[in-house]
Amino acid sequence: VVNYAPFTLLPSAVPRALFEQAYAVQQDFNLLVDAISQNKEFLEKTLASTIKVDDFTARLFRIYMQVLEEGLAQTVFLGINRSDYMFDCGVDGTAALRQIEINTIAASFGGLTSRTADVHRLVLKVLGKTEEASRLLPNNPAKGLALGIAKAWELYGSQRAVVMFLVEDVQRNIFDQRCVEIELWNRNIRVVRKRFRDVFEQGSLDASRRLFMDGQEVAVVYYREGYVPQVYDQQNWEARLLLERSRAVKCPDIATQLAGTKKVQQELSRPGTLEKLLPGHPEASARIRATFAGLYSLDEGEEGDRIAATAIADPDRFVLKPQREGGGNNLYGEELKEVLEKIKDSPERTSYILMDKIKPQPALNYLLRAHSPLQMSECISELGIFGVYVRQGRELVLNQAAGHLLRTKAIEHADGGVAAGVAVLDTPYLV
Ligand code: ADP
Ligand code: MG
């Protein structure tokens, strides 16, 4: 079945200053994620309580440790991330940029959103808004993501080797991926699409741990899968381990995936942590910190007891987040209260973090979704900035912001992205 990707009828207003702030901090976030991924001590300490109770994170962490013990064969590192924000509306009506999360694995919609500005430009023209149409910014994350993949492929240094997109069994978002793929073919780089099961069946390493799929060498593994527990049976875990042990450039490597956990995000907000992770970059730390919302640890102890009690008393102030990706996992309001009451005295509590709930100013728009009735909705938007970086050994050879994504949803949905069927693609109209 082929459906069009859902989108808003009209572009949504975005404060120019916040949009520019989000772009300006992206290289700092790239630097930070890359630094965390190389800091074993920090990851170990930060995730210690989480991996005691969260099996999925624990399993990823075990692979991470196993690969480190053997010694890394990989020498070129490629990060593609997307830092997501909402515009928090203060009591005086001014909006502030607040990071929701940073996605360090399978950050999607950079492909499809390379087309959305064209759609909205046309809509505005049809409505006679030619002047407004001309103000929509060009945006092509697909090109930026492909540039990073191409750079990593080149540094890997084998003309014959391919780029492997690691994709889902049921490929619901194939056209988004194709936009990036086509940019690579245009650069004469071969792309193959494989599933974990294919890797289990066809993958092998040679003596220097070069990765081969049925005899074809793989330079770069670009994960568009692998971030939810349900994907992994025993064979797929083995496939994941094989990939991580290999010399191929993983986007991301397992350390970088762990750097994107909600627990890491929460620990970053502690005073002094950013500064320690980014020594010599005090301005970068300050720019990053300025985007943080309140984040709270639920680890066992007094600090966790206190914030758990506060959240139970006033659940609408918070979001309760487990270590999961992909939308639909967070808890709000009454449900937050119920769950927290149930787990507040058990170690299970430490598999979650608490975050201040961001409250943006809603605006009216039409959400267009295949097979859904068309109706005007009160909506809020989430801005994502794509980041791309490449490191060779210890040297960062590429560090860029690669474009943006605006997703908009009706206010009755607390949670969920485009893939979850809640948000739709949008274009920022800067005001
Ligand atoms: P996931 O990894 O599942 O995407 P997110 O942290 O991005 O997890 O949360 C999913 C969605 O929930 C977001 O896209 C946003 O709509 C909503 N959300 C998350 N955190 C907050 C928050 N602090 N305040 C308001 N809404 C939030
Ligand atoms: Mg998200």
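Residue numbers in this text run from 1 along the chain shown.
Using N, Cα and C of the backbone, Cβ positions are placed for all residues, glycine too.
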Given TrEMBL lists GLU101, ASN103 for Mg(2+), the same-site residue among GLU302, GLU303, GLU325: GLU325
Confidence summary (mean pLDDT) of the domain 'Glutathione synthase substrate-binding' (161-259): 97
Sequence-distant neighbours of ARG82 (substrate binding site) in its chain (C-beta under 8 A, six or more apart): ILE102, ASN103, ALA107, GLY110, GLY384, ILE385, PHE386, GLY387, LEU405
Binding-site residues whose CB lies under 6 angstroms from ligand 1, from ARG82, GLU225, TYR227, PRO322, TYR332, LYS357: LYS357
Distance-selected binding-site residues near ligand 2 (C-beta under 6 Å), from GLU101, SER108, GLN177, LYS357: GLU101
Using Cα positions only, nearest of the binding-site residues to GLU325 (ATP binding site) (ALA106, SER108, VAL418): ALA106
Minimum Cα separation from TYR332 (ATP binding site), reported as the residue among binding-site residues ARG172, GLN177, GLU225, TYR227, VAL418 that achieves it: VAL418
